[in-house]
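To keep things clear, I will list the structure first and then write my remarks on it.
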Amino acid sequence: MTQTTPSGPIQVPAATVAGPPDDGAPHQTADAPPPEPPSGREEAPKEHRARDAPASPLRRMWLWGTAHAVDDMYQGLVPAVVPYFVLDRGYGYVAATGLTLAAALGCSIPQPFIGLAVDRRRLDWFAPAGVALAGIGLGLAGIAGPYPLVLALIFLSGLGVAMFHPAAGKGARETAGDSAAAMSVFAAGGSVGFFLAPVLATPALMAMGVGATALFIPPAVLIAFVMLRKYTRAAVSAAKPREGADRWGPFAVLTGIEVVRSLLWVGIITFIELYWIRHLGSGHAVAGIALAGFMLGSVIGTLLGGRLADRFGAVRTTRIGGVLIIPLLILLRVVPDQYAALAVALAVGIAINIPFAVLVKLAQDYLPTRPGTAAGVTLGLAMSVGGLFAPAYGLIAEARGPEGVFTVLCVVPVAAVVLGLFLKRP
């Protein structure tokens, strides 16, 4: 621009006279390069990036895993409590096995039907109500008087377990998403519960008798309260409903594999201590360590299976578990030393449970619109079928001893390997 002075006109750069921009931006000269346009993306502070990072599987699933452990602890308490009904109440063997049957009937048969109901309606409260019923029913059974009342309470405890699994399996899958590792935390909780049941119950029952079952009511009530507080409808409604066609053929194959796994599980946990005592010549303490080692391996195997499935795929991981268990069972059968066999028992527990969480997730992948039904069948009905074969194992043990049972168990996994060949990718 031109400015007039007493000495004449002078040419002055416009930028020298121009005032600061209206938005308060820093003053720039005409020669300065223009500011770069904003990229629309700013670098987030480190603390924000850490906060926005996806939570670890354990952090996401701790509530579901803990609730599953508490729920299945009551399922595992039944065989631990039954001998004390015989000792303290004078129940005969028929009456004692009636308690076991009541728990099995309450737990297994209703689960698929509860799963159907959970899939049709939002029955989220079934999970906390189920674990509360499982604990209260079993807890009151030890202080109840008449046998019919004890029978009814144990049946209700089993029904509570049946209520929990489909609703919790559906909710856990919504929280886990497609992560098999996250789903394995939920599945491992059940193994932890079975493991803790005799560990916690035996000292209390020895000290207080069968009435000690009342001590196990508070954990159920507490975890039910926490679930009602944490697992809100708002959180669940945020989960997108899964879509796709239900594939009943592959689901039937998977159910067959779960049945085979159930046959193995029941045979091992029923006779592993007797195998150590009567075949390997150990004492009761070492036999108890063998059972504990197998249960510990089951927890490790469940978590390991989830990791393997995320890396190699669910179908391949299921096949790996089926193949691994055969040589390990044969090794357990032929190892003559009671202490060396402990390491094999741990390995058997790992191998048998590698497919556990994977099968639950895979079942829900095959039935994307029926996650509750899938969980009810895999966690309930199929897992309970093995108990129906317990008398057959008993006949084998009477004829050939516990070593005869383990000889038969070496052959059983072959059926799972064959069925695994027919599994399809979801």
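Sequential numbering from 1, following the chain as shown.
Cβ coordinates come from backbone N, Cα and C, glycine included.
The compositional bias 'Basic and acidic residues' annotation in TrEMBL covers 39-52.
A mean pLDDT of 88 is what the model gives for the domain 'Major facilitator superfamily (MFS) profile' (251-426). Here TrEMBL flags 251-426 as domain 'Major facilitator superfamily (MFS) profile'.
The region 'Disordered' feature in TrEMBL is assigned to 1-54.
Residues or ranges marked as transmembrane segment in TrEMBL: 91-113 (among others).
Within its own chain, the transmembrane segment (125-143) has Cβ neighbours under 8 Å at 67, 70-71, 74-75, 77-78, 81, 114, 118, 150, 153-168, 171, 210-217, 219-221, 223-225, 227-228, 231, counting only residues six or more beyond its boundaries. If you look up TrEMBL, you'll see 125-143 (among others) marked as transmembrane segment.
If you look up TrEMBL, you'll see 149-168 (among others) marked as transmembrane segment.
According to TrEMBL, the transmembrane segment annotation covers 180-201 (among others).
Marked as transmembrane segment by TrEMBL: 207-228 (among others).
As annotated by TrEMBL, transmembrane segment applies to 248-272 (among others). Listed by sequence, the residues of this chain that lie at least six past the ends of the transmembrane segment (248-272) yet keep a Cβ under 8 A from its Cβ atoms are 287, 290-291, 294-295, 318, 322, 325, 345, 348, 352, 355-356, 359, 362-363, 366-367, 374, 377-378, 382-387, 389-390, 393, 397, 402, 405-406, 408-409, 412-413, 415-416, 419-420, 422-424, 426.
The annotation transmembrane segment is assigned in TrEMBL to 284-305 (among others).
Among the features that TrEMBL reports, transmembrane segment is placed at 317-335 (among others).
Annotated transmembrane segment per TrEMBL: 341-360 (among others), in sequence order.
As annotated by TrEMBL, transmembrane segment applies to 372-393 (among others).
TrEMBL lists 405-423 (among others) with the feature transmembrane segment.
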Two-stretch contact, the transmembrane segment (405-423) and the transmembrane segment (317-335), at least three Cβ pairs under 8 Å: yes
Stretch contact, the transmembrane segment (91-113) with the transmembrane segment (284-305), Cβ-Cβ under 8 Å, 3+ pairs: no
Recorded stretch that, among 149-168, 180-201, 207-228, 284-305, 372-393, has the most CB pairs under 8 Å to the transmembrane segment (341-360): 284-305
Proximity of the transmembrane segment (284-305) to the transmembrane segment (180-201), 3+ C-beta pairs under 8 angstroms: yes
Distal contacts, the transmembrane segment (372-393) - CB-CB under 8 A, six or more residues away: 104, 107-109, 111-119, 162, 165-170, 173, 190, 251, 254-255, 258-259, 262-267, 270-271, 359-360, 363-364, 366, 405, 408
Intrachain neighbours beyond the transmembrane segment (149-168), with Cβ under 8 angstroms and 6 or more residues off its ends: 64, 67-68, 71-72, 74-75, 78, 85, 98-99, 102-111, 114-115, 118, 123-127, 129-138, 140-141, 186, 372-373, 375-376, 379-380
